[in-house]
Amino acid sequence: MDSQGGPYLNKKALCSPLGAARLCQLAMGCAVIAMVTHSAGFSGSHGVFCMAAWCFCFAMSVVVFFLDATRLYSCLPVSWDNLTVTCSAFATLLCYSTSVVYPLFFVRSECPYAGCHVRNFRIAVTTCSILGTLAYGAEVALCRARPGQAVVGYMATVSGLLKVVQGFVACIIFGALANRSEYSRYVATIYCVVVYAFCFTLTVLVVVMTVCGRTKAVRCMPFDRFVVVSTLLEVLLYLSASVVWPVFCFDTKYGSPWRPSSCPQGKCPWDSKVVVAVFSFLNFGLYMADLIYSQRIRFVSSRMPSNSRV
């Protein structure tokens, strides 16, 4: 018992839907890592990515569960609610990616040279990864702010969750840019890279300010207005990049609208350019949705008491 007469451990960390979701995350993460290292195996850059993602998510779940169960999160100079929902949203995206990438590159209908037990282990790994994705998604759903309820933190709102998705999509764009995209051939494509980097930095800044409880660091305007202004800037920049990049990559004057027949699979610059173009449009749509919802939060918040502001 602590000095206040309560238990040392947080019972809600176990005996609650949120605790059950986190225990499921730990179980699935442990099962995936054990099966991959035991028999399923991994190789190449795609396998390394999947294994790194699973290990990162598992380690993050262990830390979050331990801090929540022992109440030691109160010693950290962060907003715990914002931190946990940010971590669970990011882990959801990571596990979803591995649930697609791993079976795509490692699961085959026929048995590999190592035998059918390897294939069966890989199918089991994929299943556990999908269940882990659902567990992380359940935590996001349990923590997400709902209409008519008091908002615990900005990251629990739709706008906050969109920030996590925007950052994740930007990481995919950076990966495609680094994979033989030939972005340095034209000044216009270099401009697009600068836009992606600037918007990513601005998005991360908003997330870090929220998680660290530094929302009052912007002295010239309220934080909700800063979010709207920065999101509008990102929308305009992504709009320009979403137009400029396809023109300078697929127009016949600068590139090719069709995939060259001599381009090797997995090492073709044209493929990377397509990935950048597709995810640029996707992120533009995410920023547009974020702008609409951020404006809605600002409008509602202005009519709420100060202790309920996002």
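Each Cβ is built from the backbone N, Cα and C atoms, and glycine gets one as well.
Automatic, uncurated: that is what TrEMBL annotation is.
The domain 'MARVEL' annotation in TrEMBL covers 13-148 (among others).
For the domain 'MARVEL' (154-299), the model gives a mean pLDDT of 87. As annotated by TrEMBL, domain 'MARVEL' applies to 154-299 (among others).
The transmembrane segment feature in TrEMBL is assigned to 20-40 (among others). Within the chain, the transmembrane segment (20-40) has long-range Cβ neighbours (under 8 A, six or more residues past its boundaries) at 13-14, 50-51, 54-55, 57-58, 61-62, 64-65, 68, 91, 106, 117-118, 121-122, 124-125, 128-129, 131-132, 135-136, 138-139, 142.
As annotated by TrEMBL, transmembrane segment applies to 46-67 (among others).
Nonlocal intrachain contacts for the transmembrane segment (79-101), taken as residues 6+ away from its ends with a CB within less than 8 angstroms of a stretch CB, comprise 25, 46, 49-50, 53-54, 56-57, 60-61, 64, 68, 73, 126, 129-130, 132-133, 136-137, 139-140, 143-144, 152-156, 160-161, 164-165, 168, 207, 210-213. Among the features that TrEMBL reports, transmembrane segment is placed at 79-101 (among others).
The transmembrane segment annotation in TrEMBL covers 121-142 (among others). Counting only same-chain residues 6+ beyond the ends of the transmembrane segment (121-142), those with a CB under 8 A from a CB of the stretch are 17-18, 21-22, 24-25, 28-29, 31-32, 35-36, 38-41, 54, 57, 84-85, 88-89, 91-92, 95-96, 98-99, 102-103, 106-107, 161.
The transmembrane segment annotation in TrEMBL covers 154-176 (among others). Beyond its flanks by at least six residues, the transmembrane segment (154-176) meets 81-83, 85-86, 89-90, 93-94, 140, 143-145, 196, 199-200, 203-204, 206-207, 210-211, 215, 223, 227, 272-273, 275-276, 279-280, 282-283, 286-287, 289-290, 293-294, 297, 310 of its own chain at Cβ-Cβ distances under 8 Å.
Residues or ranges marked as transmembrane segment by TrEMBL: 188-213 (among others).
Residues or ranges marked as transmembrane segment by TrEMBL: 225-248 (among others). For the transmembrane segment (225-248), the list of distant contacts is 154, 159, 186, 188-189, 191-192, 195-196, 198-199, 202-203, 206, 218, 254-255, 273, 276-277, 280-281, 283-284, 287-288, 290-291, 294-295, 297-298: same-chain residues at least six beyond its ends, Cβ to Cβ under 8 Å.
The transmembrane segment annotation in TrEMBL covers 274-293 (among others).
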